[in-house]
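Notes follow the structure.
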Amino acid sequence: MKSYNVLPLAYISLFLMLFYQVWAQFPRECANIEALRRGVCCPDLLPSSGPGTDPCGSSSGRGRCVAVIADSRPHSRHYPHDGKDDREAWPLRFFNRTCQCNDNFSGHNCGTCRPGWRGAACNQKILTVRRNLLDLSPEEKSHFVRALDMAKRTTHPQFVIATRRLEDILGPDGNTPQFENISVYNYFVWTHYYSVKKTFLGTGQESFGDVDFSHEGPAFLTWHRYHLLQLERDMQEMLQEPSFSLPYWNFATGKNVCDVCTDDLMGSRSNFDSTLISPNSVFSQWRVVCESLEEYDTLGTLCNSTEGGPIRRNPAGNVGRPAVQRLPEPQDVTQCLEVRVFDTPPFYSNSTDSFRNTVEGYSAPTGKYDPAVRSLHNLAHLFLNGTGGQTHLSPNDPIFVLLHTFTDAVFDEWLRRYNADISTFPLENAPIGHNRQYNMVPFWPPVTNTEMFVTAPDNLGYAYEVQWPGQEFTVSEIITIAVVAALLLVAAIFGVASCLIRSRSTKNEANQPLLTDHYQRYAEDYEELPNPNHSMV
C-alpha cells in the first residue's frame, strides 16, 4: 500500500478509536481504582494537554460527561432481594457518571459511531445484510467459520471483565482491581452468563436463582438483539471488515437433523463420542467458559476467562424426551408472527397471547400458554441437547449465534408488521431488568430496552434476507372451503341436469375445477417437562 502523506499522531489515534467500538461491561480505562472510587467512567478521546482534558470527546463536540440515568420504577415480586445484587439499577453500583454522545457518535468515549453509521464524522449510512448460512457461497461459509475461531482466540483490544462482585472488586488489599482480559468471543459468552447468574446472598446462604435479566420477560428480545449487535460490531472491527455480518440458522424445518451441523459449518457429530463435535471441525478444539456454577454460587465469585471442557452437542439425541427431538415447524413461525400483542401480564414465562413469550418458546406457536410446551427458540436450544441447552453455558456453542440471529429476524419482522408498537412493553412491574427503560445488564455504555425496540434496517444498520413461510388454512377455513366447494358442486350438477332436460342435443362434457387439495395444520403433542416455569435456555 502506498502512502504519500504522514498523518499527525492525533488523527491516527482518532482513526483507531473510531475503529474499535466499545461495548464491554467496563472499558479498560475505567477498570482502575480512581475511576471506581469516583464512580466516573468518562474517558478522554484525544487529550491534548494531559489526562482529563478531553472527556467524551467534549473538545470536538462529540459528547459530554453526564449523570447516569437508571430506571427506578418498581419491578415484579419475583425478585424479593432488593439491595443484594450488583445488577440492580444498572450500572449505578459501579459508576454514576458516563459519556452522553451527540448526533451519531457513540462509544465509551464517543469515539465511534452508532449502529448503522460510519466515517470520521459518523455521517455515512451503512446497511449490512444477514443471510441464511446455508445460502452462503463456500468461500463465505469458510470465512464465517474462520472469523468465529479468530474471535475465540483474539484478546479483546478494549474490554475487561470483573471477576469479583462489587464488594470485592478492589481485591484483598483494597488496591488491586479484580478485572481480567478476555477474548472477543468469550466476552460474548461472559455477558450472557452475567445476565442470568444467581444472586449471591452471602457465605453459607443459598444463592437466589429465580432471577434472570435476559430471559423470561419482555427484555428477552431486546437484550439478545443488542448482544448479537455487540458481537457483530466486535467482529467487524477485529476483521477490519465493516460489511461483515452474522448469518442465521433457520431452525424452523420440522426435521430431526441439524442441517448446519456439518464439518464445513458448525461441526458434525464425532464418531468417537456422540456427545462431542467431530475432530474434523475447528469447534471441536473450543473450550467452554463460565461452567463452575457451584464455585460462583457458594463463594460469590464470578466467571473468569479460564477455559474448561469441550463443547457438548447431540442433536435430537435426548431419547427420554421425544418432544425435543424434532425442530420447530415452518408453520410455527407463521403462527407466532400472527400474535399481535408484544407482551401480556404477568410479563413472565407464563404469559399468554404474548408474542415475546411465544417466540421465546414458553407458549404454543399460536400464543396460548401451556406449561408443558417448549417451542421455537427454547425448542431449538433443547434440540441441541448439550452445552447449547444450558442457559449459563449456551453461547459457548457457536450455533447460539445462528439460532439467535434467526430469532432476531422473527422479532424484526414482527416490528415491521406491527409498526414497532411498544405500548405493551411494560414501563414497570416486569421482572427485574425487564422494564422498558431499564439499562440492559451488563452492557456499557448503558443502553435501554427501548433503544433496541426499533426496526433494524431503519435504525440499527442491518437487515435480513429471509423468505417467511406462507399461512396454511385453519380448520375453520378448511370447513368453509369444503362447504363452498360442495355448494359449487351441487350448483354444477343442477346446471348440467337443467341443460340436459332443456336440450337433448349431445354436448361436449366440461370439467368443473374443484378445491380438492388437502391442508394439514401443524400440531404436536408436547411432553410435559420438569420445572416448566424455569428458563431452560
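Glycine residues also receive a Cβ, built from the backbone N, Cα and C atoms like all the rest.
The feature Zn(2+) A binding site is assigned by Swiss-Prot to His192, His215, His224. Sequence-distant neighbours of His192 (Zn(2+) A binding site): residues of the same chain at least 6 apart with a C-beta under 8 Å from its C-beta are Ser214, His227, His392, Ser394, Pro395.
Neighbour density for His381 (Zn(2+) B binding site): within 10 A of its CB lie 26 other CB atoms from the protein chains shown. Annotation comment: Swiss-Prot describes His377, His381, His404 as Zn(2+) B binding site.
Residues or ranges marked as disulfide bond in Swiss-Prot: Cys30-Cys41 (among others). Under DSSP, Cys41 (disulfide bond) is assigned to a strand (E or B) in the three-state scheme.
For Cys42 (disulfide bond), the same-chain residues that are 6 or more apart in sequence and have a Cβ closer than 8 Å to its Cβ are Pro55, Cys56, Cys65, Arg97, Thr98, Cys99, Asn109. Annotation comment: Swiss-Prot describes Cys42-Cys65 (among others) as disulfide bond, evidence class similarity to another entry.
Under DSSP, Cys56 (disulfide bond) is assigned to coil, being neither helix nor strand in the three-state scheme. Taking all protein chains in view, 27 other C-beta atoms sit within 10 angstroms of the C-beta of Cys56 (disulfide bond). The disulfide bond feature in Swiss-Prot is assigned to Cys56-Cys99 (among others); the stated evidence is similarity to another entry.
In the three-state DSSP reading, Cys110 (disulfide bond) counts as coil. Long-range Cβ contacts of Cys110 (disulfide bond) within its own chain (separation 6+, distance under 8 Å): Leu45, Cys56, Gly57, Arg62, Gly63, Cys99, Cys101, Asn102. Annotation source Swiss-Prot lists disulfide bond at Cys101-Cys110 (among others), citing similarity to another entry.
Taken from Swiss-Prot, the feature disulfide bond covers Cys113-Cys122 (among others), and the record attributes it to similarity to another entry. When other Cβ atoms within 10 Å of the Cβ of Cys113 (disulfide bond) are tallied across all protein chains shown, the result is 25.
Per Swiss-Prot, the feature disulfide bond maps to Cys258-Cys261 (among others). When secondary structure is read from DSSP and collapsed to three states, Cys261 (disulfide bond) falls in the coil class.
The disulfide bond feature in Swiss-Prot is assigned to Cys290-Cys303 (among others); the stated evidence is similarity to another entry. The local packing around Cys290 (disulfide bond), expressed as other Cβ atoms within 10 Å of its Cβ over all shown chains, amounts to 25.
Feature annotation from Swiss-Prot assigns N-linked glycosylation site to Asn96 (among others); the stated evidence is sequence analysis. Shown in sequence order, Gly39, Val40, Ala67, Val68 are the residues of the chain, 6+ apart in sequence, with a C-beta less than 8 angstroms from the C-beta of Asn96 (N-linked glycosylation site).
Around Asn104 (N-linked glycosylation site), the same-chain residues six or more apart in sequence whose CB sits under 8 Å from its CB are Cys113, Arg114, Trp117, Cys122, Asn123, listed in sequence order. Secondary structure at Asn104 (N-linked glycosylation site), as computed by DSSP, is coil. What Swiss-Prot records for Asn104 (among others) is N-linked glycosylation site, and it gives sequence analysis as the kind of evidence.
For Asn181 (among others), the entry in Swiss-Prot reads N-linked glycosylation site. In the three-state DSSP reading, Asn181 (N-linked glycosylation site) counts as strand.
Close to Asn304 (N-linked glycosylation site) in the fold, though at least 6 residues off in sequence, lie Ile161, Thr163, Glu180, Val289, each with a CB less than 8 Å from its CB. The N-linked glycosylation site feature in Swiss-Prot is assigned to Asn304 (among others); the stated evidence is sequence analysis.
A coil conformation is recorded for Asn350 (N-linked glycosylation site) in the three-state DSSP classification, outside any helix or strand. The annotation N-linked glycosylation site is assigned in Swiss-Prot to Asn350 (among others) on the grounds of sequence analysis.
The annotation N-linked glycosylation site is assigned in Swiss-Prot to Asn385 (among others). Over all protein chains present, the Cβ of Asn385 (N-linked glycosylation site) has 22 other Cβ atoms lying within 10 Å.
According to Swiss-Prot, the signal peptide annotation covers 1-24.
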Checklist line | DSSP state at His404 (Zn(2+) B binding site), helix/strand/coil | finding: helix
Next item on the list: Give the distance between the Cα atoms of Asn350 (N-linked glycosylation site) and His224 (Zn(2+) A binding site), rounded to the nearest whole Å.
Entry: 20
Notebook entry, point to check: Using a Cβ-Cβ cut-off under 8 angstroms and a sequence gap of six or more, which residues of the chain neighbour Cys261 (disulfide bond)?
Noted result: Gly267, Ser268, Arg269, Arg313, Pro315, Ile399
Notebook entry, point to check: C-alpha of Cys303 (disulfide bond) to C-alpha of His404 (Zn(2+) B binding site): distance in Å?
Noted result: 22
Item checked: Alpha-carbon distance [His404 (Zn(2+) B binding site); Asn181 (N-linked glycosylation site)] in Å -> 26
